[in-house]
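The structure appears below as structure tokens.
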Amino acid sequence: MHLLPLTVSATAVVSAASSPHAKRAAIDECLKNAKVPVTARNSTEWKTDASPFNDRLPYTPAAIAKPATVEHIQAAVLCAAEVGVKANPKSGGHSYASFGLGGEDGHLVVELDRMYNVTLDPETHIATVQPGARLGHIATVLYEEGKRAFSHGTCPGVGVGGHSLHGGFGFSSHSHGLAVDWITSADVVLANGSLVTASETENPDLFWALRGAGSNFGIVASFRFKTFAAPPNVTSYEINLPWTNSSNVVKGWGALQEWLLNGGMPEEMNMRVLGNAFQTQLQGLYHGNASALKTAIQPLLALLDANLSSVQEHDWMEGFRHYAYSGEIDITDPGYDQSETFYSKSLVTSALPPDVLERVAEYWIETANKVRRSWYIIIDMYGGPNSAVTRVPPGAGSYAFRDPERHLFLYELYDRSFGPYPDDGFAFLDGWVHAFTGGLDSSDWGMYINYADPGLDRAEAQEVYYRQNLDRLRRIKQQLDPTELFYYPQAVEPAEV
């Protein structure tokens, strides 16, 4: 454990009952005295740093620290503790619930996107990654320096911090697992300002907690990831599905889940269903060449009575770019401010029994397809006997969804509005989720915090995000952060003592 080699002090201790204005003044003075760089209020930079990814959920921070060093992070945490404001790390700022801004007004935001260095050890192939690096920058550096990679999502602007600490699924996950599975150690600033290393051998309880619920226990100042050799070829593909009526949805989905459960999807294949009101497709990225893809996918095509509508072979970075939906990949500019207005929900489920599948299909056709906003549903082929995600032992970290049968599909339900989000919009996705969960045992479904749903209350959110791991997480929270310095509305609660 490394204690901060400096002290910080506000002019006066600010009580918990002090006004927001008094706390802002106190945190400003404390950060100034500690020489922590900050974002000036009412500046253009403040507008960017305080902007949410979800425009539906803007919040006003008490202050924004923009550290350039680990010592700055430590000092910022100590200032928050002394003044009595909650602190939240913000890596890329893509939280669907604006948790990087605190999920409410009045928090200290520790804006990490100025700390984005990535280095690769040429002998061990371990990547050292600062917490503000975005996925596109990481992918670019690892490939350019050594043709290496680790498994992560497809959006280049997403920050590594929240993404990897809470899962991190993408088009290499069926082959290589989640981003969280590639973390070998991390340097973490705790609520008392100390800097500790967490790994299998150092602070193992913290390391376990970080790998699935990391934002609750501290601010990661540096990650170390193992990497794999990027394959020389990957192949993107699309298959149009005739899911235009509920019977076709039931038939096609049923065939797909049987194929997945029975080991038909090889490890090299990564796949999702992408559906909206206008079309439904299977999309994916095969880790191999086009010829190998066509051979591997032929049994599924026969089951679905379908054909490949698109096949493109790429090198690794071209494959990443294909599904990035972004012209820019190597993003390091702190001025990056992509945003949308939306509501989103998630699910992780087992295979769907016939009655649930029929209810979900009916909702899709009769309700969802009549909604004329820009909604979509993504159904990721997540589990099954060949999935690297569910091959990880359940106790390896606090990430909860590792059963190859009970955790077969990962869903993102996303409803975007191009104006103010309508008051009746929430019922649309809530109803769709209920169509799934109404017929499933609670052990057969959960939710994924990287698609956070702010409509859940705190107790429900903790339960569906962490399931069997919640009690242990609460005990570790009590040990490391009993006063909940690292708080947001769905944060893990400390265990009662």
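The first residue you see is number 1, and the count goes up from there.
A Cβ is built for glycine as well, from the same backbone N, Cα and C atoms used for every other residue.
Substrate is bound by THR154, GLU412, TYR451 in Swiss-Prot, and the record lists one more residue there from ARG41, ARG272, which is ARG272. Out of CYS79, CYS155, the record in Swiss-Prot bonds CYS30 through a disulfide to CYS79. Across the fold, the C-alpha of TYR451 (substrate binding site) and the C-alpha of ASN42 (N-linked glycosylation site) stand 30 Å from each other.
All chains included, 17 other C-beta atoms sit within 10 angstroms of the C-beta of ASN192 (N-linked glycosylation site). Between the CA atoms of ASN289 (N-linked glycosylation site) and ARG272 (substrate binding site) there is a gap of 19 Å.
Highest local Cβ density among the recorded positions THR154, ASN245, ASN289, ASN307 belongs to THR154, counted as other Cβ atoms within 10 Å over all protein chains shown.
Taking the centre of the Cβ atoms of THR154, ARG272, GLU412, TYR451 as the substrate site, the nearby residues of that chain (Cβ within 8 Å, site residues left out) are GLY153, PHE169, ILE378, ASP380, LEU410.
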